[in-house]
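Structure first, commentary second.
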Amino acid sequence: MKMGKRLFKIFGPIVLAAVLLLAALLSPFSFGLNHVSKETEQKAAVSLSANVLKGRLIKRQALDDGYVPFFGSSEWSRFDPMHPSVLAQKYHRDYQPFLLGARGTQSLTQYFAMQSVKKQLTHKKAVFVISPQWFVPKGTRKDAFGYYYSPLQTTDWLQSERNTAMDRYAAKRLLQMPSGSSDRVLADALARVAAGFKPTKSQQAYINYKARLLGSEDEFFSRVGIADKNLRKVEHQTQALPANYNFNQLDQLAGKIGKANTTSNSLEISNQFWRTQLKRNYHRLQGSQTHLNYTKSPEFSDFQLVLNQFANNHTDVLFIIPPINQRWADYTGLSMKMIQQFDRKIRYQLTSQGFTNICDLSRRGSEDYFMTDTIHLGWRGWLAVDQKVAPFLKQPSAGQLHYDLNDAFYSKQWQQLNPNDIRRFEQSN
Amino acid sequence: MMSFDPYGNPTYFILLFVALLPLMIGLLYGRRSHVYETIISFVFLLLTFGGVKWHTGIALICYLVYQIVLVGLYSKYRQRPDSPNKGWVFVVSVILAIAPLAVVKITPAVSHGASSIIGFLGISYLTFKVVQTIMETRDGVITEFHPVLFGQFLLFFPTISSGPIDRYRRFVKDYESVPTREKYLALVEKGVRYVFLGFLYKFILAYIFGTRMLPVVEHAALQAHGISWALLGVMYVYSMDLFFDFAGYSLFAVGISYLMGVETPMNFNQPFKSKNIKDFWNRWHMTLSFWFRDFIYMRLVFFVMKHKVFKSRITTANVCYVINMLIMGFWHGETWYYIVYGLFHGFAMVINDAWLRYKKKHRASIPSNKFTEYFAIFLTFNVVCFSFLIFSGFLDTLFFAGRP
């Protein structure tokens with residue numbers, strides 16, 4: 001029949017293409033696309049790109065190949081010669097950092113980023129930088145969370161939830177974010193999880209279908225467009241370092257580089273940051289931070305998710321608490337007493353549950369060239385981090401980790417607790 | 001309720017295809033059901049103007065009733081056998097037809113960017129259709145007025161949000177007839193090809209230029225302050241984004257129309273191959289520029305000549321070019337950059353005409369070969385891209401917006 005033939009000519013290719021596409025996306029085979037080259041791993045480890053954080057394949061492969069996850073946020077973009085990635089490369093350490101996080105990534109984002117590499121975290125080591133600035137009264141910003149949101153990680157998470165306090169809290173938090181309700185079926189499933197129910201059979205089927213689809217997409221596309229800009233920066237910075245590692249010599253060098261790079265202002269803030277971010281607003285910012293408070297925030301419970309995940313996977317973690325540039329804090333009126341209160345609260349949350357590897361730098365913000373700008377570690381600060389990180393990653397894991405989790409850290413009471421009331425909290429929970 | 005931007009995502013296309021399937025089978029067997037067409041139009045209009053955007057749906061309904069009544073009254077007046085056909089009645093009718101659009105366009109300029117409550121997606125394209133119908137009724141080429149057909153012409157859902165701008169008589173001819181099977185199969189073939197070319201344009205190329213590249217070059221240009229190489233990058237990247245986004249959308253609209261057995265006119269014809277500005281406007285957003293040619297420029301020229309405002313025909317043409325393009329600028333929006341964009345193209349047309357006259361006079365001494373042809377294309381392309389840089393409003397951000 002003539003019409004049938006003609007219609008087949010018009011629509012045949014479309015039908016064929018659709019069938020092939022579905023087959024490729026839903027098939028369990030990876031067509032040899034699941035190989036990530038060493039160069040890609042190298043680039044991805046320092047790229048700080050949202051796609052790497054949101055993806056799965058590259059993170060898995062790199063961590064399987066011995067990269068150590070360094071969770072954090074904006075500090076990772078401060079690539080000076082003492083940056084952990086630079087030191088590790090220059091001195092051929094037997095670990096290489098895989099930097100996870102960039103501006104705007106906080107505990108909740110990190111928790112979901114961990115979902116795709118749970119196996120890779122199990123009985124392994126990790127480094128985690130806690131920024132006090134995350135712990136603002138409203139917690140993580142919805143748009144920042146959305147920027148790093150990955151549906152793939154959500155389906156990974158939904159496939160492994162076990163109706164624990166952690167799962168219910170995570171589902172609840174996700175639903176408070178616009179990205180969490182961007183997919184209607186997933187949102188309904190999340191609502192069930194938050195309420196303590198399993199997703200329905202049909203939701204479960206949808207989750208599995210979505211997981212397969214997104215997983216294939218990740219395999220096809222995750223390697224596209226990873227910039228090598230940061231890798232080149234790292235390589236460039238290694239040239240400034242002497243051939244042999246000597247702490248005192250490096251510390252002096254760090255001070256010298258810091259001094260040379262902070263000539264434009266009296267706050268020991270890097271010239272570049274000063275020129276592009278501060279100079280314009282400098283006068284407006286005097287005394288502008290007297291009311292900042294990092295002691296009451298939903299972020300404390302979001303952070304508990306991260307701790308919970310580490311505990312579940314028996315991960316040996318070194319936590320780093322960076323300081324704030326003292327000169328800057330004095331200028332803006334940021335309360336150091338409040339910072340110490342924050343420190344007390346976060347340390348209690350860590351130590352009371354068995355997380356005792358803490359590199360607490362919070363009182364060292366007044367040391368020269370410790371910070372590269374207002375709140376980010378640089379030069380001598382990075383070196384101080386290295387003093388803890390290198391031995392931590394060198395020694396074999398302590399063997400048995402004794403984590404003792406307390407679900408009360410998911411409560412509003414803890415989020416809003418005045419650090420002076422920690423004793424009372426301890427007694428009642 | 002679900003709410004969609006037309007042609008915005010795969011779900012929309014799947015729904016569209018499912019809805020069109022019975023209609024297509026009908027057309028293949030020589031039947032056209034206006035009832036079914038009306039039902040799916042209603043559903044897709046509801047998807048576009050319903051849900052959270054319900055208030056724009058209300059605005060659309062009010063607008064529709066207003067314009068049908070207006071055109072109906074004018075038609076009644078004009079189509080009377082003894083119609084006096086007064087000029088002022090015509091002028092008042094056109095002003096009344098444009099009034100809602102004018103309110104919508106002027107509101108953001110006078111109230112700090114707030115949008116008017118009578119606005120809805122596609123109001124300017126509907127206004128073009130209304131004005132054109134009034135003008136052709138005045139001319140006496142439209143001799144009958146069917147309110148229902150006119151409403152279906154305005155609300156033809158594949159083109160409602162951003163054109164192409166069809167003509168009433170042309171539309172009605174297609175809409176009232178059923179193409180032969182042979183012809184319809186050819187339309188389907190073309191329509192499917194257009195839709196898929198549209199996918200390439202809008203979801204791949206426009207995505208690369210608009211979503212991936214544009215923010216990068218814009219950021220670099222803002223960092224550089226003032227004129228920079230990055231600004232040149234913004235110019236070309238924005239131009240590509242504009243073209244592929246709009247041409248992609250237009251291909252969807254035309255392709256879907258074809259599947260419905262309506263030959264909506266094409267909007268783009270390889271505009272970056274243009275050899276001069278006039279050529280460009282015959283290839284870029286064609287239904288809009290032809291609309292302006294037929295209903296603004298030609299009428300303006302006619303009016304000026306009739307009243308002998310200028311002695312020289314060249315002056316007449318030039319003044320009309322500038323006014324024509326200026327009106328187009330105002331139509332885009334009441335900001336300095338749209339207006340400058342309009343003036344820029346008006347003067348470009350004037351210069352273009354002067355050059356063509358000069359070339360004609362000195363034909364012997366001006367070389368014309370493959371190289372000059374490529375040079376002309378290159379020059380036109382760059383002039384056009386520069387005009388798009390003005391149009392983009394990025395210069396406004398770069399030079400005038402206070403940085404945070």
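Glycine too: its Cβ is placed from the backbone N, Cα and C atoms.
Annotations in TrEMBL come from automatic prediction, not curation.
For B:12-30, B:35-52, B:58-75, B:87-104, B:110-128, B:191-210, B:222-239, B:246-264, B:284-302, B:314-331, B:337-355, B:375-395, the entry in TrEMBL reads transmembrane segment.
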So what's near the transmembrane segment (B:191-210) in sequence-distant terms, Cβ-Cβ under 8 Å and 6+ beyond its ends? 7, 13, 237-238, 240-241, 244-245, 247-252, 254-259
Three or more CB pairs closer than 8 Å, sequence separation of 6 or more: does that hold for the transmembrane segment (B:337-355) against the transmembrane segment (B:375-395)? yes
Mind checking which residues of the chain, 6+ beyond the ends of the transmembrane segment (B:110-128), have their Cβ under 8 Å from one of its Cβ atoms? 48-49, 55-57, 59-60, 62-63, 67, 97-98, 100-101, 103-104, 154, 159-163, 165, 288, 291, 331
Should anything in the same chain at least six residues away from the transmembrane segment (B:284-302) have a Cβ under 8 Å from its Cβ atoms, list it; otherwise answer none. 128, 131-132, 135, 163-166, 246, 265-269, 271, 274, 316-317, 320-321, 323-324, 327-328, 384
